[in-house]
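Worksheet: one structure, shown below.
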Amino acid sequence: MARWAVFAGLTALVLFVLLALARASQSTIDDGSSTVDDASAIDDTTSTVGNTPSSVEPVPTRRDEDVSPDSPLDYDARDSIEQPSAGPDGTRRSPSFSTGALLANVALSQGLFAVVLIGGAWYAEIPLAALGLDGAPLSTGLPALGVGIVVGVGLYLVNELGTLGANAAGIETPDALRESLAPDSRTGWAVLLGVVLPTIAIFEELLFRAALIGALAAGFGLSPWLLAVLSSIAFALGHGAQGTIGMVATGGLGFVLASVFVLTGSFLAVVIAHYLVNALEFVVHESLAVEWS
C-alpha cells in the first residue's frame, strides 16, 4: 500500500531545501555583483590622473633616498583589494569557483536530491504510473521520445524569440549563470552534456512534475492543473539566480512542461524536452558562439 503522506512530506522537504539553496545562491550572486561594482568604482576614482578631490589631501610619495632596507615600502591601496578578473568580453568578473567545481557541485547536489526522491518513492511504494512511468507508448515509448524532442526544440526557439524581443525592448536578459557553467575543453563539454544536464533534467522533472503533480494528484485526488500552476511557481522560485526576467521565463517554461506531463502522463517526454532546452542554449551560445541578435 502506497504511503502517499510520507512521500509528500519528503517531497516538501526536498523542495524547501532546494528553494533555500536557490535563495542563498541568488544572494551570493547579488553580493558578487556589488563587489564588482565597488571594485570598479575604486578603480575609476583612484586611476584618475590630476583630478584629486579638493577634500582629500594628496598623499606624499616617498623618495627613493628615504627608503631604507628596514623601512616598509609604500604600496597602492588597491593592491590590498582582490580585483575581479576581466573576462574575454572585457567585463569584470568576480572571483568565483572554477567551471569544473561549479559543474561538480551542480551534478552532485542535484544527483543527491534525485537519489533521495527515488529512494523515498521506493520506500513509500509509489506506483510508477503516478510518476509518469508506465508501459503505455506515450509514456515510455517512441511517441514519448518524439513528443519530448518536438517540445524541447519548440521551447528553445520560443525562448530565443523571447530573448530577442526583450533585447529589442531594452530589457537585459541575464546569461551570467550559463556563462559561468560553460566549459572550455572537450572533456568539460562531454561532462556537461553527458552528465550534468541530464542530471538536472531528471531531478527537476522528478521533483516538479512527477512528484509535485503526478504523485500528489494520484495520492490525494487534487487537480493536476492546479498542481501544474503551483509547481511552476515553485519551479520559477527555484531559479532565482537567473534574476526576475529569468524567473518569469522559467516559470512559463515550467508550466509548458507541466502541461505536457498532465496531457501525456510521460516523465520521459518532459525530461527529454527539459534537457534539449538547456543543451541547445549551451551549444548554440557558448560552444558555437551564435547570437541571434
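Placement of Cβ uses the backbone N, Cα and C atoms for every residue, glycine included.
TrEMBL does not curate its annotations; it predicts them automatically.
Annotated in TrEMBL:
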COMPBIAS  33-49  compositional bias 'Low complexity'
DOMAIN    189-280  domain 'CAAX prenyl protease 2/Lysostaphin resistance protein A-like'
REGION    29-94  region 'Disordered'
TRANSMEM  102-124  transmembrane segment
TRANSMEM  136-158  transmembrane segment
TRANSMEM  187-203  transmembrane segment
TRANSMEM  210-235  transmembrane segment
TRANSMEM  255-277  transmembrane segment
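Averaged across the domain 'CAAX prenyl protease 2/Lysostaphin resistance protein A-like' (189-280), pLDDT in this predicted model comes to 95. Long-range contacts of the transmembrane segment (136-158) within the same chain: residues 129, 253, 256-257, 260, 264-277, 280-281, each at least 6 residues beyond the stretch ends and with a Cβ under 8 Å from a Cβ of the stretch. Panel annotation: around the transmembrane segment (102-124), residues 2-4, 6-7, 10-11, 14, 17-18, 21, 96, 131, 180-181, 183, 188, 191-192, 195-196, 199-200, 202-204, 206-207, 211, 215 of the same chain, lying at least six beyond its termini, place a Cβ under 8 Å from a Cβ of the stretch. Residues in the domain 'CAAX prenyl protease 2/Lysostaphin resistance protein A-like' (189-280) partition by DSSP class (helix H, G, I; strand E, B; coil) as 85 helix, 0 strand, 7 coil.
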